[in-house]
Amino acid sequence: MSGWEWLAVAVGGLAGGALRGWLGLLLPSTGDGFPRAVLVCNVVGSFVLGLAAALLLPGSGTLALVGTGFCGALTTWSTFSLDLVALLRTRARRTAAVYALTSLGAGLAAAWAGLQLGAALAG
């Protein structure tokens, strides 16, 4: 990667991390422990990454900014996993199951929708 691509990743990461932090404040976990902000971050990030993958050239600085930087900082597999384990430890099995299935299903659907929209926009 060139110096400009590294800078693009850093700038995208700053924006994605800031959005994730803001959503964490805006959407606190529900009373039963459902981590809404993490779900929203992961679904939005999946959509944006699908869209970027369809519209931007591989190896471009823009894809590095949006994909690796922004989406990489916005989305979080580790926090998803930690939240899921925390729900299971408190015996909130139903909430854990809903969270896991919703996260995986909505994330995949969002990525697919982003790819489809990107393909349509690209012509």
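Quick reminder: no glycine exception, Cβ is built from N, Cα and C everywhere.
A TrEMBL annotation is a machine prediction, not a hand-curated record.
Since the structure is predicted, the reported quantities are computational estimates derived from the model, not experimental observations.
Feature annotation from TrEMBL assigns transmembrane segment to 6-25 (among others).
Positions annotated as transmembrane segment by TrEMBL: 37-57 (among others).
Counting same-chain residues at least six beyond the ends of the transmembrane segment (63-86), those with a Cβ under 8 angstroms from any Cβ of the stretch are 1, 5, 8-17, 19-20, 33, 35, 38, 41-42, 44-46, 48-49, 52-53, 56-57, 96, 99-100, 103. If you look up TrEMBL, you'll see 63-86 (among others) marked as transmembrane segment.
As annotated by TrEMBL, Na(+) binding site applies to Gly72, Thr75. Sequence-distant neighbours of Gly72 (Na(+) binding site) (same chain, 6+ apart, CB under 8 A from its CB) are Val9, Gly12, Gly13, Gly16.
With a threshold of 8 Å between CB atoms, the same-chain residues lying at least 6 positions outside the transmembrane segment (98-122) that come near it are 34-35, 38-39, 42-44, 46-55, 80, 83-84, 87. Look at TrEMBL and you will find 98-122 (among others) tagged as transmembrane segment.
The Cβ of Thr75 (Na(+) binding site) has 21 other Cβ atoms within 10 Å, all protein chains considered.
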